[in-house]
Amino acid sequence: MTNPSLLILPGDGIGQEVMAEVRKVIDWIGAKRDVTFDVSEDLVGGAAYDEHGVPLADETMAKAQEVDAVLLGAVGGPQYDDLDFSVKPERGLLRLRKEMDLFANLRPAQCFDALADFSSLKKDIVSGLDIMIVRELTSGVYFGEPRGISEVDGQRVGVNTQRYTEAEIERGARAAFELAMKRDKRLCSMEKANVMESGILWRDVVTEVSKDYPEVELSHMYADNGAMQLVRAPKQFDVIYTDNLFGDILSDCAAMLTGSLGMLPSASLGAPMENGRPKAMYEPVHGSAPDIAGEGKANPCACILSFAMALRYSFDMGAEADRLEAAVEKVLADGVRTGDLLNEAGVKPATTSEMGNAVIAALDASL
Ligand code: NAD
Ligand code: IPM
Ligand code: MN
């Protein structure tokens, strides 16, 4: 049997720092659990632009199509702000998502007990929280045509188009209903059917798909109300299914329910490959955090937990995923925290690397 293959794309800023900690976990699994991953590493985002003049080289794209899973750190940074739009770091990430056709972006927001006190919301509102946002990832206003900036009647006009086909809404909905079936069997679909035709179609198609999942209780909510409800009473939700842009915003909002954006992992899944597993890329929800990059302050948990999702969804190693998640939870419970998870003056935060080492120690202790 061939080894499972993994393409690592650390990217920019803290992407590089948090990925170094995931490397430790991969090595630990190789040494202690006897599963050797064929790991290759390449450039994406600003790092790829610096080397090749494009944010994702064709060879890297081809490699991503071949491996069992891609693990990405983060892309972007202020030094790339003035680049032509077509070569901005973010275009590299969007190309990966689009060309791999990773339409279902799973963004779980779970509040670990140890962090319930830390959230900016009251403890009883977030404690025990476990929700799953399914964000449609390859269509909508991120990719719709026409788009661009042009000159009309003597002034510049910026255009983006929200466009969804039935098939696009349907395949994401099926992924969301399948997840709901394995969870608490409740799905809330969020759009703005009150003002957008794409929202009307969204609601129609999701309702149609729900007939195949009679056990799942379906509700619909306008996305603006959804944002408010996420902060007011987030535990009312189980699975949320929403479009590309609303999903981007709502998942950053959900991140703070868990204590920090540095805690939120994600899996971007496509259609099954020949081996029956989905095409997949795993990445933390956060970005390259230029304000703390290079200082050893980044929380590596989101990236480590993204690798746990890879173990679960791409490598059939659910028990190892559970072990890794439990190790992260234990480290937090033991009080090892990066600065984003501390608010007591005088408490010394752990560095990115100390946090990663603590996770390895907890993995050792789990054997
Ligand atoms: P960001 O997520 O990089 O940072 C937002 C805030 O959260 C910052 O204060 C940052 O310090 C903090 N933060 C984020 N991750 C953290 C972590 N792991 N540990 C501790 N603190 C953390 O968002 P931004 O500042 O709006 O964007 C910066 C750059 O990242 C931009 O170029 C943006 O396009 C890019 N970005 C990339 C991705 C991605 O690669 N998936 C996601 C979001 C933003
Ligand atoms: C995310 C990011 C990306 C998005 C950017 C960097 C392209 O914010 O993954 O949440 O908008 O999807
Ligand atoms: Mn985002």
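The backbone N, Cα and C atoms fix where each Cβ goes, and this holds for glycine too.
Substrate is bound by R97, R135, D224 in TrEMBL, and the record lists one more residue there from R107, R147, R203, which is R107. Close to K192 (site 'Important for catalysis') in the fold, though at least 6 residues off in sequence, lie G199, Y222, A223, D224, F246, each with a CB less than 8 Å from its CB. Among the binding-site residues listed (D81, R135, A293), R135 has its Cα nearest to the Cα of D252 (Mg(2+) binding site). Cα of F85 (NAD(+) binding site) to Cα of Y142 (site 'Important for catalysis'): a distance of 13 Å. Around the Cβ of F85 (NAD(+) binding site), the number of neighbouring Cβ atoms within 10 Å comes to 9.
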